């Protein structure tokens with residue numbers, strides 16, 4: 001910005017000049033925008049840093065992801081270490097989850113946003129559990145819907161009876177249309193039978209189970225103690241009497257036997273077994289064919305599935321280890337024998353989770369980082385984590401292990417940019433995982449170097465010189481330098497800015513000696529509108545032969561910040 005200035009003396013004579021105002025840029029913070037995602041219940045969401053930054057901007061340049069964290073208890077956030085992240089909601093959780101996101105611009109200024117994850121509910125099928133009842137021979141039994149549902153449940157709501165049926169020949173089942181069912185055995189039947197039961201949840205999804213009924217035989221009637229009957233035999237038959245053979249008595253059926261079935265599996269795995277596996281642990285003394293009934297699992301340490309193809313699968317909750325049991329029974333058509341399936345889930349060490357960390361330091365400064373800082377985003381579900389190793393394989397600085405749980409990184413002189421340290425995290429069982437510690441070395445403008453120049457001109461001649469000549473001894477490590485101003489405050493001549501990058505100095509008539517011009521050199525920080533311009537002063541010495549005369553000068557620079565008032569600096 002240039003102001004036109006008119007100067008007038010006591011005699012009314014005027015002269016025009018200009019006053020330059022440099023408006024210096026001040027970094028604007030980035031704007032962090034929220035993002036939103038949707039995932040189904042019991043699924044894992046994977047998202048990238050680019051997705052998290054989709055609604056974030058910075059008016060001066062790019063924005064970067066500084067950190068992502070989750071402080072809630074409805075799931076687990078994992079940093080994959082490759083620019084992507086995973087969120088795993090807890091089993092059967094649905095609802096809203098908010099992640100805390102911090103973005104940073106190239107100048108290290110940060111802003112916060114949220115990433116909202118909407119976990120949509122997905123209907124889980126109901127669990128239909130086996131129930132059993134006893135009744136007397138030649139009687140009836142009435143069972144209610146509540147009794148049939150005693151071992152059934154649904155994680156999202158209520159379950160009801162959809163159907164109850166019996167297709168066997170040992171009796172008849174009647175639906176009383178009032179939520180109860182009556183079974184009446186046929187004739188003198190005594191033994192065990194199964195009723196088919198289907199339960200349904202609030203979303204119409206159903207599951208099947210059985211209800212066992214044991215019909216207990218009535219006690220035999222007492223025998224009348226009268227005259228004992230003589231046994232038939234050849235000696236007791238009348239001559240000519242026909243003999244009658246009695247068929248052998250039918251052997252009484254014996255109940256089947258079911259052994260305890262033991263399985264061992266590792267934490268975070270799954271166990272699948274078949275009907276044949278379970279029946280291999282059962283037998284029947286009479287050689288009868290056996291049918292199998294497997295109960296549901298009513299604990300909260302995992303999910304037990306009837307796969308519908310003759311197989312069963314148990315999947316423990318993440319990181320669960322311990323013992324659990326599931327009931328099963330075998331039926332020979334008359335008797336039911338119950339036993340159980342024991343599952344031992346053995347503990348397996350989970351590796352630690354190591355999240356990356358980020359730091360900033362100014363160019364030409366050192367930063368010291370502690371183990372606690374490096375472990376800020378690291379954890380282990382079974383215990384504590386520690387730093388196993390920190391190393392740097394690049395050539396932009398030097399990393400020193402201070403031997404006291406801290407590390408110091410010193411960037412090379414004038415280096416700016418990103419540096420990644422390799423960090424190894426170890427848990428109590430010596431399992432390790434790799435992550436990084438990012439150090440953003442923020443550029444700090446180095447001042448230009450302004451060197452003096454010298455010229456010679458004869459008395460009564462005019463010296464013309466260029467900006468390039470004035471800059472011959474000036475330099476800047478980050479880039480180019482330019483002439484900001486050339487001023488002469490003495491009285492031994494006149495300095496003229498020709499407006500084309502050249503300047504003319506005309507000494508007074510007959511003057512000879514030395515004249516000093518004040519030259520201000522500026523680096524690219526001003527011309528690129530960076531927030532910290534550096535101005536350097538030097539002198540251009542003119543030697544006008546033959547008399548030497550030294551002129552001292554006062555230099556003045558006027559700068560204007562974009563977000564401050566005028567700053568007037570007087571440099572002597």
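Any Cβ shown, glycine's included, is placed from N, Cα and C.
Just so you know, TrEMBL annotations are computer predictions that nobody has curated.
Looking at 97-150, 151-204, 205-258, 259-312, the stretch flagged in TrEMBL as region 'Disordered' turns out to be 205-258.
According to DSSP, the secondary structure content of the domain 'Cadherin-like' (444-525) in residues is 6 helix, 42 strand, 34 coil. Tallying C-beta pairs under 8 angstroms between the domain 'Cadherin-like' (123-215) and each of 253-345, 348-441, 444-525 places 253-345 first. The average pLDDT computed for the domain 'Cadherin-like' (123-215) is 91.
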